[in-house]
Structure formats: C-alpha cells, structure tokens
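**Q** Below: one structure in structure tokens.
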Amino acid sequence: MANDNLQVLNALDVAKTQLYHFTAIVIAGMGFFTDAYDLFCISMVTKLLGRIYYHQENALKPGSLPPNVSSAVNGVAFCGTLTGQLFFGWLGDKLGRKKVYGMTLMVMVIGSIASGLSFGHTPKSVMTTLCFFRFWLGFGIGGDYPLSATIMSEYANKKTRGAFIAAVFAMQGFGILAGGMVAIIVSAAFKGAFPAPAYSVDALGSTVPQADFVWRIILMFGAIPAGMTYYWRMKMPETARYTALVAKNLKQAANDMSKVLQVEIEAEPEKVENAHHNGANSFGLFSKEFLRRHGLHLLGTASTWFLLDIAFYSQNLFQKDIFSAIGWIPPAQTMNALEEVYKIARAQTLIALCSTVPGYWFTVAFIDKIGRFAIQLMGFFFMTVFMFAIAIPYHHWTLSANRIGFVIMYSLTFFFANFGPNATTFVVPAEIFPARLRSTCHGISAAAGKAGAMVGAFGFLYAAQSQDPKKTDAGYPAGIGVRNSLIVLGCVNFLGMVFTFLVPESNGKSLEEMSRENEGEEESGTEMRGANGRTVPV
C-alpha cells in the first residue's frame, strides 16, 4: 500500500497550523509539565526529610538521609519510569494511543497524592511507603513519554512537526520551574507561620513539627495539573496514522481527521482491501528486516538518550549539593529546616528560569530551521566544553569571588542540554520508526535514557563525595570528589556527541518517508514474498 498516497496522511502532512495543533500541544504538554514537576521536586525536599526523620542528638550537622535511603528516594521513580516506558510504549502500539493515554494520567494522579500521604510510625516505614508510591508514580510518568511524543508526531504537519513535539517536551521546563516556585511559596509560608532558630542554636528546635507537612504538600501538588487534563485527553480522537496504518481502518481515520482539520477527506475505500492484504511492512521488532532498516537508528536514539540522562539528571538532582560545595547555599547548620528548603528551591528556580526554560524554547524556535542533528551535536559539544571549563579549574570556582561565574557556567550547561540533546532525543524517536512500532521504539529509547538517569541518581551521589573520608556526608564512603565527577560527566557528554552520528536527520520529511512505510520489502532489495506467502531471497 502506498501510504504516502493516502489522502488522510497527505492532509496531515500539509495542514496549516491551526487550533487543534495548539490544543494537542497543551493537552500532551501538561502531562510533561507534571512529569518534570514530580521527578524533580523530590530534590528540594530530601534534605528536609533527613532533618525530620534522621536527626541525631549532639551531631554537629543536621540529620541527612543515609546513602541507601537517599539513593532509593531519588532513584526509585526512575525505576518506575523505565518500566512504564517499556510497558506503555508496547501497549500504545497494541491498543492504540488514545486508549492508553488516560491510564498513564490516572496512575500519575494517584501516585502523586499517595506519595504525599506516605505513612508509618518509623523513619524506615515512611521512606519505604514513599519509595513504593514514587515507583508507581514513575510508572505512570514513563507511559507519558512514548505516548505524548507519538501522538504529537502523528498529529503534526511535516513543516513544523519538530517544533510541535519539542513544544510538548518544553513543558518540562515549566514543570521544573513550578516545582521550585511551589517549594518557595510553601516553605516561605510555613517559615513565616512557624519561626525556628538555626540548627547551631537549637538542633532539635530548628525543625518544627509542622515541617512534615511541607514536603507532603510539595509532592501532592503534582496531582493538580495532571487531573485537570484528563477530560481533554479522553476527548482527543485516535491518531489517523494509527487508525489507518495499524488498525487498518481508513474510513475511520478519514472521518476523524475531517472533523479535526475541518476539511473533506476521502475515505478511499478501495485501499482498505490492500491495507489488509499487504504484508510488505509487517516485519516485527525482533526481525532481520527491522535490524537492517532501523537497527542502527534504535542504537543511536537509545545510546544518545542514555548518555545525555547520566549528565542531565546528575546535574538536576544534585545541583543543591554542588551549590552547597561552592558555598552558594549556606552551611546547613546555619539555617533552620524550612529556611534550607527555601534557599535550595530559590537556587534551583533561578537556574530553571535563566537557562533551563530558555533552552527548551530555543529548540522549539530552531529545530525545523537547522534540523535535529545539528542541534543535538551542538548541544553535546557545548555541554562537554562547559563541563570541562567548570571541572578542570574547579578550585577557582569555589572561591567566593568567583561563585557568580560558576553559576553562569553551570547554567550554560543546562541551557545547551535543553537547546540540544535533552529535546532532540525525545523528538527523533517519534519520527523515524514505523507507525506500528513507533510507540514501542520510543519507549525503548526513553527507557535507555532512564537507565542513564539511574546511573546519575545512584552513581553521582557516591562519586561526588570527598576523597577525604573525614569530609564525606554521614554514612558515605569516600568518593572521587565533585571535580572528578564533573570531569567524568564531561567525558560522557563527549561520547554522546560521537553516538549522535548514528541518528538520521528527519527535518522536513514525512513520517512515512522516514520510516519507509511506503516501501515494500521487494523494493528494499533483500527479500520478496512468494506465492505461498513466505519470504524468499531475491
């Protein structure tokens, strides 16, 4: 079947930008707003959790989460996300994008609320239930990645498809920003209502009992934006590409898109029979034909996302520790618990406002002008440069006179992560694979990314500890230090630049052209179908 001749798909490719495009961006984007909020807000309350549940009498420093607990709290959501990306990615190709889309949102809403309600009488029981609920929260978030990307790519036109998919992903920036702002507002309100002395003045009194509500409110707030978009997700029609190319219902696809595009689209009933009998593109994910056509592409999208997320999540989750190391956030013992939350949130919000959010929207503005490949290569290159520029003269940046310079350099690594691979690794897998495998392959690529995030979440926490055992945080073994950890992240970014050469450029091409769904196996020069239906060598 010559899919590129289907009127419904041609209509989508050449459609003018109109209201339904922006509606789809908002509906899918609010999911990503929630994803980023839920994944990153935990970094602003981990120090508070340590003060509340792991206080030690007569200790010089406030209580902190033990290494295994801190790793679990920070990383368990990524375990759930990885699982959800694989499961819901596969399910989205089996049942359809729309049917699965609502499921992921409800899991996210329930997971957000349950995380804030984590219960127990002992620190161990509270942390265990928190980790349990954050795993399932991550499971729902994981489903949002392949489904949102696939839905947006299949709705978009050929000319501005990259910008539309990137705009959905760019809502992550606002989610990170919102997480910081909510933490600032909640901590400031409680700080004003329940004043407390610094830890060095009164260790026990520096953490007021009401502080236990602060982290719970911050975590539960993520349920609000997710719940608000559930109705609109259920109102969206199934994508025409899934209906036509996977479900083989060309008439339904034409009817759905006629309403959405507000133009008359021919149902082309004479092609329905061909759609059912044509086996030229029926190869599976684990077939030789998929390996030949898309094997290197999948390796490229998965490896670059894996390498990007090692660096990106290390920076995001533990920027509070880096800021503390250079003295931008005061020593913990000079603050009370709520003041520490406030200052961590303020620092992270400033980074998000000045570099993270602008970086995302630079990608939206330029992705369809200079292409995915150029942006990804450029992003990895500058991330490498700025990471080494921070790491090699690290002692220079720790001096109080140079802290502003450090923050600027650190912000630029975030800017080029987002005006670079953090956006393009999300966009490209939604464009280059066949419709019946698109959600699955995006899920595999995204899961590789979350495996990288887990390396960042679990590994950086240990690696960044001081090489002097006397200067490590309580319970941690000696690490390689912040400087050497940043050098390692610079090397990881360089590898990402190398693996980018495996990823094809999809700018300006239709989805069917990129996935070669309008190409029969006999045209590919490797095999054809015999009269008995079996494939035989040419």
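Using the three backbone atoms N, Cα and C, a Cβ is placed for every residue, glycine included.
Found this in TrEMBL, in case it helps:
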{"type": "TRANSMEM", "residues": "20-42", "note": "transmembrane segment"}
{"type": "DOMAIN", "residues": "24-508", "note": "domain 'Major facilitator superfamily (MFS) profile'"}
{"type": "TRANSMEM", "residues": "100-119", "note": "transmembrane segment"}
{"type": "TRANSMEM", "residues": "163-190", "note": "transmembrane segment"}
{"type": "TRANSMEM", "residues": "213-232", "note": "transmembrane segment"}
{"type": "TRANSMEM", "residues": "350-367", "note": "transmembrane segment"}
{"type": "TRANSMEM", "residues": "373-392", "note": "transmembrane segment"}
{"type": "TRANSMEM", "residues": "404-423", "note": "transmembrane segment"}
{"type": "TRANSMEM", "residues": "443-464", "note": "transmembrane segment"}
{"type": "TRANSMEM", "residues": "485-504", "note": "transmembrane segment"}
{"type": "REGION", "residues": "510-538", "note": "region 'Disordered'"}
**Q** Cβ under 8 Å to the transmembrane segment (443-464), counting only same-chain residues 6 or more beyond its ends: which ones?
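**A** For the transmembrane segment (443-464), the far contacts come to 67, 70-71, 74-75, 78-79, 81-82, 85-90, 92, 142, 145-146, 298, 301-303, 305-314, 317-318, 321-322, 425-426, 429, 476-477, 479-482, 484-485, 488-489.
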**Q** Among 20-42, 100-119, 213-232, 350-367, 373-392, which stretch has the highest count of C-beta pairs below 8 Å with the transmembrane segment (163-190)?
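**A** Ranking 20-42, 100-119, 213-232, 350-367, 373-392 by Cβ pairs under 8 Å to the transmembrane segment (163-190) puts 20-42 first.
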**Q** Across the domain 'Major facilitator superfamily (MFS) profile' (24-508), what is the average pLDDT of the model, as a whole number?
**A** 87
**Q** Please work out which recorded stretch in 20-42, 213-232, 373-392, 404-423 has the most C-beta pairs separated by under 8 angstroms from the transmembrane segment (485-504)?
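**A** The listed stretch sharing the most Cβ pairs with the transmembrane segment (485-504) is 373-392.
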**Q** With the transmembrane segment (373-392) as the reference, find which of 20-42, 100-119, 213-232, 350-367, 404-423 contributes the most Cβ pairs under 8 Å.
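**A** So the stretch in question is 404-423.
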